[in-house]
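K.L.:
Please see the structure below; I have some questions.
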Amino acid sequence: TKCYKTGDRIISEACPPGQDLCYMKTWCDVFCGTRGRVIELGCTATCPTVKPHEQITCCSTDNCDPHHKMLQ
């Protein structure tokens, strides 16, 4: 599987063996009112457990985890 990953820049990379899901996790930090939600993209073996105030989406096809604002 290939997933978009966040870091210094957003890139699409092949996932490590055993990590066959892509995920997008969003949450608010102190700048949420001016910058919007923090977005984290990457690969995972299982969909992460949602914590309070987080939103997580998982999917299993190549590059299925983009956020609409990142593709503009």
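Counting begins at 1 with the first residue displayed.
For all residues, glycine too, the Cβ spot is worked out from N, Cα and C.
Owing to the predicted nature of the structure, the values given are computational and were not obtained by experimental measurement.
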K.L.:
From the disulfide entries in Swiss-Prot, identify which of Cys28, Cys32, Cys43 pairs with Cys15.
P.N.:
Cys43
K.L.:
Going by Swiss-Prot, tell me which one of Cys32, Cys47 is disulfide-bonded to Cys58.
P.N.:
Cys47
K.L.:
Can you tell which of Cys22, Cys32 is bonded to Cys28 by a disulfide, based on Swiss-Prot?
P.N.:
Cys32
K.L.:
Taking the Cα atoms as reference points, how far is Cys28 (disulfide bond) from Cys58 (disulfide bond) in Å?
P.N.:
19
K.L.:
Spatially, and counting Cα to Cα, which of the disulfide-bonded residues is closest to Cys43 (disulfide bond)? Options: Cys3, Cys32, Cys59, Cys64.
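P.N.:
Nearest in space to Cys43 (disulfide bond), counting only the disulfide-bonded residues, is Cys3.
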K.L.:
Check each residue in the chain of Cys64 (disulfide bond) that is at least six apart in sequence and keep those whose C-beta is under 8 Å from its C-beta; list them in sequence order.
P.N.:
Cys3, Cys22
